[in-house]
Amino acid sequence: MRVAKWLTGLLCPISLLLTGSWEVRFHPRQEALVKTLASYEVVTPTRVNEFGDVFPQNRHFSRKKRSSGVPEPPPFRTHYRISAYGQLFQLNLSADAAFLAAGYTEVHLGTPVPGPGGRSTESPDLRHCFYRGQVNAREDHTAVFSLCGGLMGTFKANDGEYFLEPVLRADGSAHDDDHNKPHLIYRQELKRNSFARSHKPCEVSENQMEKTALPSQSSRNTTGDVDIEEEAVFRLEGERSQLHSRNKRFLSYPRYVEVMVTADAKMVHHHGQNLQHYVLTLMSIVAAIYKDSSIGNLINIVIVKLVVIHSEQEGPVISFNAATTLRNFCLWQQSQNVPDDAHPSHHDTAVLITREDICGAKEKCDTLGLAELGTLCDPSRSCSISEENGLSAAFTIAHELGHVFNVPHDDSFKCKEAGIKHQYHVMAPTLNYHTSPWTWSACSQKHITEFLDTGHGECLLDKPNGRTYDLSPQLPGSVYDGNRQCELMFGPGSQVCPYLKHCRRLWCTSAEGVHKGCRTQHMPLADGTSCGPGMHCHRGLCVTRDMETRPVDGEWGPWGPYSSCSRTCGGGIKSTARLCDRPEPRNGGRYCVGRRMKFRSCNTDSCPKGKRDFREKQCSDFDGKHFDINGLPPNVRWLPKYSGIAVKDRCKLYCRVAGTTSFYQLKDRVADGTPCGTETNDICVQGLCRQAGCDHVLNSKAKRDKCGVCGGDNSSCQTLAGVFNSAHYGYNVVVKIPAGATNIEILQHSYSGRPEDDNYLALSDTQGNFLLNGNFVVSMAKKEINIQGAVFEYSGSNNSIERINSTDRLEAELVLQVLCVGNLYNPDVRYSFNIPIEERSNLFSWDPYGPWQDCTKMCQGLHRRKIACVRKSDHAVVSDHNCGHLPMPLFVTEKCNMDCELRWHIIGKSDCSSQCGQGYRTLDVHCMKYSVHKGQAVPVGDQYCGDQLKPPSREPCHGSCVLTRWHYSEWSQCSRSCGGGDKTRESYCVNGFGHRLAESECRELPRVVLENCNEFPCPSWATSEWSECPVTCGKGMKQRQVWCQLSEDPMRDGFCNASTKPESLRPCELRACASWHVGPWGSCTATCGHGYQMRAVKCISEIFGTMLDDRECPQASRPSDRQDCILAPCLAIPEVGATSLPAIPLGRAAQWRHGSWTPCSVSCGRGSQARYVSCRDAHDEVADESNCAHLPRPAAVSLCFSPCGEWQAGDWSPCSASCGHGKTTRRVLCVNYHQLVDESYCDPEGRPVTEQECSLAACPPLYSRAPSSSEQPSHVPSRNVPLTHKPGENQDQGAQLSIRGNQWRTGPWGACSRSCAGGLQHRAVVCQDEDGRSATSCDGSSKPPESRHCGSGPCPHWNYGDWGECTQTCGGGVKSRFVICQFPNGQMTQEHSCELPKPPSMMQCHLHACPEDVSWYRGPWKSCSASCGKGVKYREVLCIDQFQRKLEEKYCSHLHKPRTHKACRSGRCPSWKANKWKECSVTCGSGVQQREVYCRLRGTGRVSEDMCDPSTRPQGQRQCWRQDCMRYQWTTGDWLDCSTSCKKKETYRLVKCVNEQNVQANESLCDPLTKPLSIKKCRNPHCKYSVVTGDSSQCAGNCGFTSPQKITYCTKIQSSKKHTFHQLRPVVYGECPVIPSPQAYKCDLRSCLHVATWKVGKWSKCSVTCGIGIMERRVACRTENGWPSDLCLKRLKPDAQKKCYANDCKLLTTCKELQVTNNVTKDGDYDLNVRGRILKIHCSGMQLENPREYLPLVKSEDNFSEIYGLRLQNPYECPFNGSRRPDCACENDYLPAGYTVFSKVRVDLESMQIKTADLLFSQTLSGKAVPFATAGDCYSAARCPQGQFSINLAGTGMKISNTAKWLAQGRYASVIIHRSQDGTKVYGRCGGFCGKCIPHMATGLSIQVL
């Protein structure tokens, strides 16, 4: 053991030295981390651009945590390069902050207290930090990093996952040098404890445990709950909770739990800067738990706020006492909440995470969390607390949140009661080895579902917006490794137990070491924690990382069968449910949304009379059960409790103890179908009160009418009412109420208006047995009486109005009586009830002409009119039971939907299964709806064609056996979803074996790569007419219907564009509203005791404030104008004598009341109006007028005036004086509609004045003589009077000399008295002397004129047309006419130019009342007038009465007449369709080009050409011209020599077709009739033979000779023109024509030859697995003894090879197809069909979902890329003529320099491009890795490139495409490219200062098959 420890201690420093990290001093946290690692490295990441160029040093880590100021915008993409573990990692990253919401904020309370990693209160903006991308261009190698302050994150590579984080200084600060910042990198799967294998398991003592024990020990509680009412079976009446609003139930809605998470000060001190990240990691686990499918609901955990408490004084008081802490936190979180549920910061529940060691009780600190049951959506109680002890705290938070959802523990009584036992999941009371904390038990699912379905989760329905943020998608174990989880749970220094390593439980050592034992809190390791190479923990199991983790959304399974009926009568319920299991949601996928349960009514017939109440039966099931309640007898009997139960608790089973008022809740819910109460028809379903009708049907609205008939129409009964007011002592019979009576209402008004009364109601049966208030005993309290099933409510006698009422049907006759006692005041009994009508046969009848019902079929169907029962008196539709005794007439039927047909249509056919010979094809058959007039077809459900025989979906076919054919890919998606689009597919030419050929081989075959699709019209919005304004005055909103339709068929709104939806609401405004206004109350009419007071109530216009007639205001809301008043009691009047006057009863004071005035008695002029005036007593009853004599009687008649005309006033005339004061006048006329009438027809009080005074300038003084110089004038002339005139003025304006210097003076002309037709102008003319004084001696003959004519042209006048038609024929309409002001010549002018008042342009008409019950009948729309395109459709609109009889249209003219025609569109018209032109008919010269032209109807396809316009038919043929034809001829070669063999029979020569340039061409271009012979017979001499005797030898033993003999051979003499030689081998003697000499027969040679024979082996397997190959076998010449021999006859030698044919080749074109089809999972080289040629392709990643293809390179040394590293000191020269020289004046400091060779390159076989950035099969020999086909340098700016790349694809079957180009990048970049002739080799030299070349991004590095 000690040796092992010593070795371990020695190996760790050695490993650190090897990694070179001793140079770095780590922060203590990182120091502890590296001690647990098997290896790590310290590296410096380099930021590069997408081409690999290094960024300047100040641009490497530019991202900072933002606070204030204007930040630098982050790049969307960035690239980094890391060299570690002998590999080069290229990180291609893109910004990705999707997991953070736009409004994410933190709330910090208190001043931060520095601690371990203390932080500032300023929350950094983290959005710009986060990036996500790939490593080395591998899509499956993901990388997730934060770039703030360095690179922190993880990435995946071939050998596992790597973690990277900046190295912190020992004091915790970061390195300042951003561009040269050291980073720590380590692999996840290599993390080990350095002593993990040095110890064996040891025992763990109990005294070492803190909160947990080994599984063998007894576990203790880890979650404590305030389980109020959890174990209770019943509760008392006082227990109530708030009623929630109802919504649709039994539907799976998405729920959003908005959570406020609070971290206390201890959390801040412990986690420091990592707090936010850590808390979000915990909540991500919680969110994943609540997304598990086992919860049975779609619940989203959403964090809306994170509150960080730095100072304990700023937050709730947190102590060791769990209950107190929970109470304090609940109070505090309510103050942090926003009440508005729609506010972004509102939270539904609050979670406190604390590191305080909370305790459930004294000395019992094993509690990890606390919450109260069922408090979700309660603002003051929806909260929970959880103790943080590592990542396992997430399970505690989820557990406590489950309690908030009202979920009990998995071992609670409620779970056992439901029959669910031994399931321990999230809600397990304790955590042990058998607990599964990720999933939910069936009990938990049941309670969460019930909690939500019963309306307690309504606050979760709003989807949060704004300040919410997503949780991190990273698995928590990938961020916090196992050792870190131990530290979070048990403190620093704790490590994963080395001998208890499994995912199900996290076992940890103590800080002192493993020798102190291991401990656990029964929590599993976090998901994502490494558990082995390529493995990680997932829900307690160690699984491979490649396990499918994509989210899978759940889908509903089928509905199950309906359950049995819950009741045998009275309306039961059947239910069915479905599960979310097709598939079940996995890996965080969404739970199903929609209805999970359906219900239907059953056994709806009413129960027979006398059957026990259903709720009573359920209570009686508990008879004899007392539940250990004190005071209950053993044989207790339970009765239903109806009254006094809260509305929300009506569906719980409350029962009371018989004989007492005590009641208890015995069950959480009553049986389905139980009525919610006695006063309603609603029934309970699954604990909820659901609507039902009196017919006991769920969701029915049927109600009983006043006759007690369910669904009745009040026509089967009549109402009887009466009054009884006579009194005799004792019981007085009021009325007998017969059996069958319903709606019984009995009132007895107290004579004094007080409850104290001596008259009381009573009920008895016909035998005199009292049922209420009998035997002079009266019930004062309210009560209910059940009389043979009819429930009567009695108000009790202690009411001023005593009341008995019942709505039920009375089954037996009752006698209503009134008991009179005491002073025998007359009773005031008022009663009413309904009794059935006995004789109804002649009251009702069947009407067969009801509304049309739905058509029986979508097309070619029938519909019929509904037969309704109507009342004969008014033809009103009544319930059918009223006509039940009458025979029903025959239905009126009519054909419907005749404009369409339903037919099976073959939409498409597959290709024939056999390419040659008999096969079959599948047919795509659908039901289509064909429009007869529109000419279009729409697919419908197949069920609509169910009455027709469906064509078979398979038909025989025959392959064309063509040698070539077009092979197609799948069709693409249609370019448009409606309105006609196109879809395309790819095609290529193949032969019969599926091998790809040149397209020219198939050019004669039709090629279909484009097809029309989705040619049906798009849905569009349709609108109805605007409704009338819904208000009678003021402002309102009128509306219209807006719907989405397709060819007039309604569709869901989602099918139409929401942005173009027309408005459905529009404001409207009518005349101003009138409202009641009240004045102050007057004085009381009494001075003591009771009286009343009055006030004024007026109807006032809201806008003008004028008083209106009372009829303009709503009478129902008229305020009272009278109220009682009570003053001090009156003094008692002492008695005088034995008798006194009877006292006036209090409240008997009378007053005058009056109604509103009637309309005036005349329509115009003076008349009279009247009103009703009456004397009313205190009860508002009519009293004798003598009782009101003390008050003045209001007038009952008044004079009134209704003006017949109106006053019209003209313009004022000019002032009568030219100066000073005068008068002006105008005309005032009484006009009625432009006609002058007598002034008596106008209101004299409103007559305008006709005369008024006018004032002008003061007049000048007049003098009778000239004053002397000594006299002073008595008046100074006004300044306004001119004293002098300028000479030369005309007569009008100048002065005229007169006698002695006097002259006339004139003033300015006044305004013209008229603007037209001879008006007058006036001016002042005065005589003045030289001094300007008034004189009288001016020459009268020369006096200027005082007036003159003015105004030119005639005056305009009013012109008007005839009155138009009245808008209504009755009920008051309006007619109008055109009124204009114009001159006699017809010229129009402004209206004010006409002097007379404007005649009215509108007036009322047809004021008589309209006839009732008429309406417009709208007939069905006729067919469209056009068979295609736009047209018009018409319908019949008739005026009919209530009996459907046709009337003249004038009777309906007051109603808006519906339109009789509208535009229509009958689908698209057929049109010509022209395909593309085919190839020219000749290859040279003049030919013909054709194309297919046909008539097409969209949606149907080809139709007859007669349907299209022949004049517009496109041309189907045209001439074409190719290049001039070449002349071809046959040419021959020389014949082969026949003399080479005496046996040769034929000779050959070469015959070929050549063009004019003697270039060989295809033989089809030459005339086959003139082709020369290529074969002819040889004429050779016969072969010559000779006999040759060989040396002596022994014959074979079996040849018959035993002595040596000379062997004689027969040989053939070969002769040619130059040589004669012998054949080397003998021939058979039978063929030899030469007879040998006798001595030659020494051996029996013929016998020897026959002994040697050919021997053959077995055929080998075919050389190919598919297609045509070769089979081989061994053939050898052997003797009988098996010896090899040369004596076998060659012509008899069997074949050693032959052709073979394997199965048809399935052309595998990608590694993915190879993986799926042949189930290949091993990486390696495989033969794939690449564009018709079989090539060797390397498949990599065959065990992954998407393997990749690589092209093996024959010579890797010829495939390299280089970035040259030397740089000239003088960059503006090119030394050595551009050659490389090591002795150049250069510096070797170019950082991107590198040299990479490639053994394989990745190819995209679909786009035929090489992925140059893939470096998987590359080796970097020096420097940095360089992508394929890339070169560059920083050598020179003088076009002297030194960087080079080489491509050699020889032997691969591919070449570089001619379209491949290289792009120069950088400064002074130059590119030199050399290609081989066959395209297999490319060499390039690139460079600049600094520059490089890469394949052009637009084309990529394209390749082609040779």
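From the backbone N, Cα and C atoms, a Cβ is placed for every residue, glycine too.
Per Swiss-Prot, the feature disulfide bond maps to CYS330-CYS383, CYS359-CYS365, CYS377-CYS459, CYS415-CYS443, CYS486-CYS508, CYS497-CYS518, CYS503-CYS537, CYS531-CYS542, CYS565-CYS602, CYS569-CYS607, CYS580-CYS592; the stated evidence is similarity to another entry. Residues or ranges marked as domain 'Disintegrin' in Swiss-Prot: 465-552. Residues or ranges marked as domain 'TSP type-1 5' in Swiss-Prot: 1017-1074. Look at Swiss-Prot and you will find 1412-1465 tagged as domain 'TSP type-1 11'.
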CYS486 (disulfide bond): secondary structure state under DSSP, collapsed to three categories: helix
For CYS592 (disulfide bond), the one of CYS330, CYS443, CYS508, CYS602, CYS607 that lies nearest, given that the disulfide-bonded residues are compared by Cα: CYS443
The domain 'TSP type-1 11' (1412-1465), counted residue by residue under DSSP: helix, strand, coil: 4 helix, 22 strand, 28 coil
Disulfide-bonded residues listed as CYS383, CYS443, CYS602, least Cβ neighbours within 10 Å: CYS602
Pairwise Cα distance for CYS383 (disulfide bond)/CYS365 (disulfide bond) [Å, integer]: 21
Residue from CYS415, CYS497, CYS531, CYS602 whose C-alpha is spatially nearest that of CYS365 (disulfide bond), among the disulfide-bonded residues: CYS497
Where CYS383 (disulfide bond) sits in the secondary structure, as DSSP reduces it to three classes: strand
Pairwise Cα distance for CYS459 (disulfide bond)/CYS359 (disulfide bond) [Å, integer]: 32
Among CYS508, CYS518, CYS607, the most crowded of the disulfide-bonded residues [Cβ within 10 Å]: CYS508
CYS542 (disulfide bond) as reference: those disulfide-bonded residues from CYS359, CYS443, CYS497, CYS503, CYS569, CYS580 with C-alpha within 10 Å of it: CYS503
Nearest of the disulfide-bonded residues (CYS330, CYS443, CYS518) to CYS565 (disulfide bond), judged by Cα-Cα distance: CYS443
Candidates CYS377, CYS486, CYS503, CYS508, CYS531, CYS580, namely the disulfide-bonded residues, that fall within 10 Å of CYS518 (disulfide bond) by Cα distance: CYS508
CYS569 (disulfide bond): nearby disulfide-bonded residues from CYS330, CYS359, CYS443, CYS486, CYS602, Cα cut-off 10 Å: CYS602
PLDDT averaged over every residue in the domain 'TSP type-1 5' (1017-1074): 82
Among CYS415, CYS497, CYS607, which are recorded as disulfide-bonded residues, the nearest neighbour of CYS330 (disulfide bond) by Cα: CYS415
Euclidean distance between Cα atoms of CYS377 (disulfide bond) and CYS359 (disulfide bond), Å: 27
Three-state composition of the domain 'TSP type-1 5' (1017-1074), taking helix and strand from DSSP: 6 helix, 23 strand, 29 coil
Helix-strand-coil residue split for the domain 'Disintegrin' (465-552), DSSP-based: 13 helix, 32 strand, 43 coil
Local backbone state of CYS359 (disulfide bond), from DSSP in three classes: strand
From disulfide-bonded residues CYS377, CYS486, CYS531, the one whose Cα lies nearest CYS580 (disulfide bond): CYS377
Rounded inter-Cα distance in Å - CYS415 (disulfide bond), CYS537 (disulfide bond): 30
DSSP-derived class (H/G/I helix, E/B strand, else coil) of CYS565 (disulfide bond): coil
Among CYS503, CYS508, CYS602, which are recorded as disulfide-bonded residues, the nearest neighbour of CYS497 (disulfide bond) by Cα: CYS508
